[in-house]
């Protein structure tokens, strides 16, 4: 009875000290309110842009009368034709052409294009029929339609095999880190032996690299001894550094490997976390689409302004026409045959038009803030799920039901303000970097070496600052997911915790980066090689009707498969990396807060306790930590 009571007391103690769900409250409320206000303003900007914008300015060209080509009255005339205005200026009298409506004396061709200018005065009616250059010939010369149809046919005949990419990528992801972690030193040793063997074969050769000189044929360099000697020295130095690192940092490397293995177990118990990057991807696509559409509608806001002009004010009742009178280009002035409705400009005098630049700036800043917030929300949600795995007393029975869903709900309910705070800091740094890039682009021609050096230093400093802020935010979000504190306190605690274990941080970071890099290369390279051999016809499946001869461009499915494999691998390994970072911070907290007694047992795995030569004291010594 006392043992059961003690175990229940342990769970209650850890719930209060380590994972205080019941004690959580909303954090950084001011920043949360500010973020909501900005989002509402962002929606208002989008509505205004949608009301006053017209994307047809980008989708369709306009002629000199301001009318769209390819739609409406000009539906049969989709392209714009430009006269050579220099010939007009140099060959006829401008005033006479303006008054009499003479044609520009340029060469005329047979086609159906939408005219920019049919007369020098740009006021002749659009309904007048004059030929021009065949605009469709330009497109046909590139055979773009034919190539597009062939590519579509390739996708139609190979889509069944392209969609196998996610399965292959996931399979390679599961075995990537298990393959490379023990084989790296062995691969380097094999490479050193091969370089020595090649060097020994060419050692008696009289040809040296100085005799060859510079050539684009790389195979020639592989036939001289200096090349293999250089490879031998480089691989030997790398192998020596690796062995020295393994000797002097073997304990910390073993801890890093144990944490990576523990991360694999955590991911295997919460497979839903592997699909969370799809949610992040969809939200990012929504942010990018909203930003692009809003920017397009803002850039095309402003209605066209038309004014009526009488070519001959003495004719009929044309003297009543005022030059400031607006008009409709689709209305004919029957009572004045020389009246023309002329496109003047786009309206830029309204309140919206005068503030277009400010609205575009607001659109860009809000976009960056939303993107950083979406990424922060994903990191905090994953950190909460993986932290619940680490702090489970008996794994996997004590792991909460639907841990990712619970972590996501906690994040949205309590910590929107903290995530918005961290995202805002990162956004401000990115804005400064964008401003520096803009200034560098605009003043590059007028810069001297000193100013270029200062600009380069500034860009480098803010690039480093952005990387540091991303690193700090990532660990702050982990602490927010674990303890539920505000952003500043969580960032401070995470930073101080990492500084107290700086050597472990560096070793884990480098080992993880190395394994994840090799894992990505294994996934992308493996899938790419299989795709090349399959779509090029070097591998044939007897039960399949697919043949390489069915493809017009066999490299197109290969490119799609490789790109898809990289995106899938990047998404999966980002989850894996977040898991490693979360478990590492929990591990450091576990070491500092607990001592292995019944009141404060270690929550790390048996493998980690064995490496650190620690153990839990009590009746259930270390039970349930696998």
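Start at 1 and count along the chain as shown; that gives each residue its number.
Even glycines carry a Cβ here, placed using N, Cα and C.
Copied over from TrEMBL:
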- 30-52: transmembrane segment (TRANSMEM)
- 228-249: transmembrane segment (TRANSMEM)
- 274-299: transmembrane segment (TRANSMEM)
- 366-393: transmembrane segment (TRANSMEM)
- 414-436: transmembrane segment (TRANSMEM)
- 476-499: transmembrane segment (TRANSMEM)
- 511-535: transmembrane segment (TRANSMEM)
- 555-588: transmembrane segment (TRANSMEM)
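Where the transmembrane segment (366-393) meets the stretches 30-52, 414-436, 511-535, the count of C-beta pairs under 8 angstroms peaks at 414-436.
For the transmembrane segment (476-499), the list of distant contacts is 18-21, 23-25, 27-28, 31, 376, 379-381, 383-384, 387, 391, 407, 410-411, 414-415, 417-419, 421-422, 505, 581-582, 585-586, 588-589, 592: same-chain residues at least six beyond its ends, Cβ to Cβ under 8 Å. Within its own chain, the transmembrane segment (414-436) is flanked in space by residues 24-35, 365, 368-369, 372-373, 375-377, 380, 455, 458-459, 462-463, 465-466, 469-470, 473, 476-477, 480-481, 484, 486-488, 490-491, which lie at least six positions past its ends and keep a Cβ under 8 Å from the stretch. Within its own chain, the transmembrane segment (274-299) is flanked in space by residues 45-46, 49-50, 52-55, 57-58, 170, 267, 356, 359-360, 363-364, 367, 370-371, 374-375, 377-378, 381-382, 404, 571-572, 574-575, which lie at least six positions past its ends and keep a Cβ under 8 Å from the stretch. Within its own chain, the transmembrane segment (30-52) is flanked in space by residues 290, 293-294, 297-298, 301-303, 350, 352, 359, 362-363, 366, 369-370, 373, 416-418, 420-421, 424, 487, which lie at least six positions past its ends and keep a Cβ under 8 Å from the stretch.
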